[in-house]
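Here is what Swiss-Prot says about this protein:
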DOMAIN    4-73  domain 'DRBM 1'
REGION    6-10  region 'siRNA-binding'
DOMAIN    171-244  domain 'DRBM 2'
REGION    326-373  region 'MTAD'
DOMAIN    391-563  domain 'Helicase ATP-binding'
REGION    391-818  region 'Core helicase'
MOTIF     504-507  motif 'DEAH box'
REGION    584-621  region 'Disordered'
DOMAIN    645-818  domain 'Helicase C-terminal'
REGION    840-931  region 'HA2'
REGION    1172-1301  region 'RGG'
REGION    1190-1239  region 'Disordered'
COMPBIAS  1214-1223  compositional bias 'Basic residues'
REGION    1275-1301  region 'Disordered'
Amino acid sequence: MSRDVKEFLYAWLGKNKYGNPTYDTKSETRSGRQRFKCELRITGFGYTAFGNSTNKKDAATNAAQDFCQYLVREGKMQQSDIPTLTSSSLEASSTWQDSETATMFCGGEDGNSFQESQQPIPQKRFPWSNNAYQRNEGTHEQYITQKAEEIAASETVDLKSEIHGGWTMENSKKALNEFLQKMRLPQVNYGTKIRESNTVKTMETTAQIFVPQINKNLVGKGTGSNKKVSEAACAMNIVRQMFHLNIMQSYSGPIKKSKVSTLPEIAISIPEDLSTRVTEYVRSCGLELPEINETSATPEAPTSLLTDVKLAQFPVSEICSASNISWAPPLQNWNPWRASNIDEEPLAFMSMEQISQRIMEKEDFKRGEALDKITAQRGELPVAQYRENIVQTVAENRVTLIKGETGCGKSTQVAQFLLESFLENSNGASFNAVVSQPRRISAISLAERVANERGEEVGETCGYNVRFDSATPRPYGSIMFCTVGVLLRMMENGLRGISHVIIDEIHERDVDTDFVLIVLREMISTYRDLRVVLMSATIDTDLFTNFFSSIPDVGPTPVITMHGRTFPVQSFYLEDILHNLQHMPEEPDQKKRKKGGPPPPDDDEGDEEVDDKGRNMNILTDPSINESLKTAMSRISEKDIPFGVIEAILNDIASRGVDGAVLVFLPGWAEIMTLCNRLLEHQEFGQANKYEILPLHSQLTSQEQRKVFNHYPGKRKIIVSTNIAETSITIDDVVYVIDSCKAKERMYTSNNNMVHFATVWASKTNVIQRRGRAGRVRAGYAFHLCSKMRFEALDDHGTAEMLRIPLHQIALTIKLLRLGSVGEFLGKALQPPPYDMVVESEAVLQAMGALDRNLELTSLGKMLARMPIEPVIAKVLILGTALGAGSVMCDVASAMSFPTPFVPREKHHSRLSGTQRKFAGNKFSDHVAIVSVIQGYREAVQMGASAAEREFCERYSLSNPVLKMTDGARRQLIDVLRNQCSFPEDILFDISVNVNGPDRELNLMRSLLVMALYPNVAYYVGKRKVLTIEQSSALINKYSMLVPMNNRQEMDFPSPLLVFTEKVRTRCISCKQMSVISAIQLLVFGSRKVECVGEGLVRIDETITIRMNVSTAAALIGLRPCIEALLVKSCENPESLAGLNPSDAELRQLLRDISSEEFMSEAGPIKDSLLTDNALIQKGPAPNRLEYADWGPSNNNSSFQNQDFPPAAGGKVHPYRGNRRGNHPYAQNRPYAPPNSGMGYQNFNNSGYGASGDWNAGRGNYGNVGSGYRGAGGGGGYRGGRGGRGGGRGGGGRGWNASNW
């Protein structure tokens, strides 16, 4: 019958004079099984039909059947006209085991549709709808392409300003004022407020101007550490939007150049054989290397070494017209939770009426006394009295808004009411609802609760689908609870087979929820029968009703308001708590420091000047309050979490002897662990037989999260949670809520590539929600750790996440779903992001090869869109896979998505212990350390006993929950690479790393991190200080492997260059997750601007100068097009990696060779105001390189051991690391400090003896070095701390230094 369905459709199209059908069939792998996916399109129809099966023929048959069903729904065809689908129609049996018993009545086998491949969509025009000021067709795409090319050959490290016409924080505010004066418009009224934080002061400025050219208002936002910076950022935001709307031209004024510090040269010598290999390889690929006239090049007139030749490019796709997400109601022969046809008898060939009848038979079979009791309990919920109203309103309206107070039962009952209405009408097969929740724990717990209420197990009527875990229900008459992110992934295949979409907790305004709302708004305008239900306890009803009611033919959005069944909750604010407990907090540290001395020099966690009276509302208390309470209040800084007050409340609860669990709301993981550790060490709460201390965080595993629902007889449960417990879940024994009134927000400032994790005040909505957690099952108590005055000053609602994060990932999703222009689509949001953010996201994605010149996805872009990590990290993960280092890259990529696993051994510890530092070995790298931790943890897990992984974590003071999450993310990344990106399984094998000896995979990993993280590069200047490549000062984060054990130490890195994951603004700027890199790694993988500035001198990004062979540098730069060509080839044809050709194999080896630690070189000292003499030259005895109390011997593969370096007599020892020996051809004579620098240097030559050098180091003339250094055949040297004259011999495996040559 396969021929009949396709031929019937073909004949019908010809008879009705439509275009011919186009079948597009592709192979895909799901969980190691091959299936074929067919998409059917017909000119003149906006619908894309879909079919899949285990062979191409059946996939096309299913697609034809799907299109026929679409024509029936559109009234263009009669159901009776379509040939009946029978077993003879399909050749294959399903690989999914969709049997009558297993699938239809018990649900499908467990699986994750997050990892299913998915599908297309329709669309409209952009919201700034004044055609006179819109770009002409194609101009936008040309502009983005031009800017992407400029990024690739940028003349400045400030890449983002080039995208936006050169408008920066320095020039925008003045230009905006001049524009408004010229247009005779009022000047900008900047509204600035403080975003309170416990770690940093952040000013947030908002402004709005009317722009007559487009007849609308433009809104700008900006943040900064002070009002001036914040207003400048806000003005820049407005000006950049005006530039992209063709209202303002690009900036043409003088460019203010920042003062560039003179950094010491870094000398590198590449051996002749390696240089020759690189040159020959580059030329064999078809690249001609430039001839460089070194003698004519100067710093003022440099010669560029970059090439714009491309050896391979991604094919350019045609501009794809915007389409809508495909939708169809529940259909015969379709499993919506698998996004797959059902090929196996008998379910594949049962009619919808037959399926409905079988569902009712199963429902009748369940009836009994136990179920009747549960039904009676459901009837007592407040939502029960609204049942008929809900069912009727949803049936009659495309969108329904339900505002139900906490405890009314909406999250568990609404979907059941709708299902039961279909069952009562003997139409159960026509109902399938997907219910989205903001968090995993909500989706899982609700599925379990609803299944229990229906007398079933999860996987029958009810299922769930969350990251790393799923239990799919039956394909008809079912409810699927999922996270919003999973719902987005489902949309790639369209929402076929789903009758109702229910979005719960829509008030949270996370970026995925706002995205889904835009999609649903477009869908209901196209699909009349789709039903959408929006639910929340606290919601701005006007905002959402206006959003949906503006759709033509939809009509006004009905709102159902329900009261909750909550028990009375007595709430207390901070002044009430201190008064009732008679608690006097300790004197704050700031006052103690005034009495006892200055603050610690390395404190980068606090916030100076937070306690000024204009901001701290704990000081601005009612005049009627007595002096003792005023003093107590003033001692609590609003910037801090008052852990002492929390303990006092818990003590009071314990002393009263009234049972009930305690729920404590804290902003983030660090605060959760701090309190948990304090409680575990507490004399009272540390008693395991009386208390169960449970952390609750969104990134804990599902098993860890479920513990909060358990009952512990004889114990009081204390749950320490983020806002994950704020909505959608009921912990039925919570009586007490302690609320910090804080929340964690991740903010990103694109112009300076700065990440800011702000701990801000929660909104009133959040605080009210948290309070309600105490009154779900009995009368409760809520303790809010803010003053009443502060509560009244809180914002009513939180800031939409879409307005404060990068849009790169969401732009990829828009393109993957074929929703058209990123700007046009996001312009339809509840609160659209500024247009300059949209343009920036497109330009960055195009520069990395994810979008082509038509702004359509390339094959790389499609892979990146399916990756659950940042696009820049995903790109190097794919490249690393192509280079044979996929396993190690999965380790580091997964770790970068989660908090650090290192836990301080003691609460007063501010740095990593020696035991924890073992994981870095001799690599000076936080990234290497985390890979080493993950591999050690994986080995412990593979032992098969939970005790092994627990012992591993306890021994090294690691967080077991974080490592479980990281391991789960790693497995998912490997699964996506194999099943959705189609990389061969055998190239993703596990790789063991050696952190104490040479390891080519770790070296390559660091090179790829440079590519991913650039321009996050810094130059080490001493102690914890670094200079970023933008020449701004920063500190190495205290919890880095690269920080000395104490403040007296200097770290002696083998190279002054470092790469870091992110800059975080707290009290100062700190760099997190750092690794030492070589200048070669920066040259090849990271620099944007490479120039010859003299004979033997190469300058990177106008900042770092390398002394090396210029022709070799040009050849190394020539490897870039070769790397890009391999990436293109790998994305276009991943299967080709199963067998490498000789050229690709040689590229793999070359990249590993040039990434070697052999090329790490020390530079001379920095004479800069950022570094004092004390930081350069230590007075008196210097400590060892690292004081590892429990380090133990180094690996035998390394020629370095800590005990090789005795305390110095003065000056600094800068030994080489790894296998750097005197007779190595890479070790050449090279000075490391300019004259008069105050420091000596090291010399090497091929024979193992240092040559005499006649040069000036302070007052020193020369130094001789001897052989026998570390028993390694020479290669040692002596460093003069002050100058003078000296020399000596390295003796018997030890080197030493002379302080007075």
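Cβ from N, Cα, C; glycine included.
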Report, as numbers and ranges, every residue of the chain located at least six residues beyond the motif 'DEAH box' (504-507) whose Cβ falls under 8 Å of a Cβ in that stretch; write 'none' if there are none.
-> 410-411, 435-438, 442, 513, 517, 534-540, 544, 727-728, 765, 797
Other same-chain positions with a Cβ less than 8 Å from the region 'siRNA-binding' (6-10) and lying at least 6 residues past its termini are 20-21, 60-61, 64, 67-68, 81-83
Which one of these stretches, 4-73, 171-244, 645-818, has the most C-beta pairs shorter than 8 Å to the domain 'Helicase ATP-binding' (391-563)?
-> 645-818
Quick one: DSSP breakdown of the motif 'DEAH box' (504-507) into helix, strand and coil?
-> 2 helix, 1 strand, 1 coil
Tally the residues of the region 'HA2' (840-931) by DSSP class, grouping H, G and I as helix, E and B as strand, and everything else as coil.
-> 50 helix, 4 strand, 38 coil
Please list, for the domain 'DRBM 2' (171-244), how many residues fall into helix, strand and coil according to DSSP.
-> 29 helix, 24 strand, 21 coil
Helix, strand and coil residue totals from DSSP for the domain 'DRBM 1' (4-73) stand at 30 helix, 25 strand, 15 coil
Local confidence of the domain 'DRBM 1' (4-73) - pLDDT mean = 86
Helix, strand and coil residue totals from DSSP for the region 'MTAD' (326-373) stand at 23 helix, 6 strand, 19 coil
